[in-house]
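Heads up, the thing below is written out as structure tokens.
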Amino acid sequence: MNTQILILAISAFLCVRADKICLGHHAVSNGTKVDTLTEKGIEVVNATETVEQKNIPKICSKGKQTIDLGQCGLLGTTIGPPQCDQFLEFSANLIIERREGDDICYPGKFDNEETLRQILRKSGGIKKENMGFTYTGVRTNGETSACRRSRSSFYAEMKWLLSNTDNGVFPQMTKSYKNTKREPALIIWGIHHSGSTAEQTKLYGSGDKLITVWSSKYQQSFAPNPGPRPQINGQSGRIDFYWLMLDPNDTVTFSFNGAFIAPDRASFLRGKSLGIKSDAQLDNNCEGECYHIGGTIISNLPFQNINSRAIGKCPRYVKQKSLMLATGMKNVPENSTHKQLTHHMRKKRGLFGAIAGFIENGWEGLIDGWYGYRHQNAQGEGTAADYKSTQSAINQITGKLNRLIEKTNQQFELIDNEFNEIEKQIGNVINWTRDSIIEVWSYNAEFLVAVENQHTIDLTDSEMNKLYEKVRRQLRENAEEDGNGCFEIFHQCDNDCMASIRNNTYDHKKYRKEAIQNRIQIDAVKLSSGYKDIILWFSFGASCFLFLAIAMVLAFICIKNGNMRCTICI
């Protein structure tokens, strides 16, 4: 009887062998690991780097109006030492300073020089206007061997005013300049500190010297400080330069009685530019928007780990050398053991015997899309990508990199650490602030990428679930889920039928009658097979009972005939 039941079950199963369609996603043998908010080292099919590490060791100047100052320092273009004669007026949107560049010829310094340097780097170049000062009773041709052209000379944009004769009286003078332009004027003047009191008397006469400068927003008095100093360029004296930005229609006035280095022309800024100090070679064959001391950063990535002091349209500097952004779904490759099992089970159970669909494993080789189908029917086996769900995921993921760039990119200004002693505290604050910003953005970068990665993985899982639900709603009672991402179909489903499931045009009513009949047969087989163990145990029990009954009957007959005696002892 058991044999009959087993044969019946096998026969019924063979008769109603179901066609099958499975859903899965693309997988690769070696994915890329990314970090999310909740987990580190999750493997995904695709990922892209967000931190640029490649540097172009040149200044890419193609398409730029570039000026290479060479031996001229940027501040020197405003006062005119001999090395800056060709740069007294210029126009540029990329200004290159070199380490060999010098701002001065006669020893001295600029007050608040870094602020002025930043103004000039962004200036787009400078143009000049004569201030119209005239002088009587003094010499205007002071010169020095420290500023040589063909012979001793002086700053081209300044006048060194001296007494008419050595040790002669320097008259009290007042000069004013009104800015009639529509943009601010850069006004620069100097104070000469002689190498000794005797030298000061020789140049400007005896007595205390005082220079006063004022405008509507500025007022300052200066007294020269003569005295011996170490010689530089053969000079023990110093010239300190001061400056102000004079608003339109405002007037600056100078009152002095010696030791005054007078401005000859006012400077006006032309527009906007980038300025960088670098010794990298200029290259007119490449384009760039982000520069640093070592060259150019050409990148569409949101972050860079090349130089924390890059300027221009630059990726944000972060401490991390790599931050991978997921652009594909979670990768669950078929390992070697799984592949061997798949091959073994295919021989026994067909294409889907060991494939666990999107729940346990992806499908390697699904190159036409992220999500897809595999089917098995009387016509054979096949695989197809689902373009709609794939495109839906891609549309939402595309632009992640651009969104990160929008959140992080901005113009950066470079503040060098060329501070004098008075400015060192300011320099320390700037450096501390820069370091703090790097720390904050390094954390922000890691957080932003982790958030996007979490969203990508959740999104791709969601699209997979949507695809699965779409198939389930179409098939309804015509198929049964096997828990592994597959549906056993209870009717004959040829390739056109499979295509209709993929295209969301499947008509479940068309196959309903056949599916119900086949489902009843399969359910009957499952029901009968379920009682097999019960029947086996019942047969075993009945056999034991029959054997015991026969033994008792034989014993009774033997006792009755005297062939067996039973003695009970107490």
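Note that Cβ sites are derived from N, Cα and C of the backbone, with glycine treated the same way.
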Disulphide pairing with C60 per Swiss-Prot - partner from C286, C290, C314
C286
I'd like to know the mean pLDDT over the topological domain 'Cytoplasmic' (555-570).
64
Separation of alpha carbons, C84 (disulfide bond) and N249 (N-linked glycosylation site) (Å)
30
Can you tell me which of the recorded positions N46, C105, C290, C497 is spatially closest to C72 (disulfide bond)? Compare CA atoms only.
C105
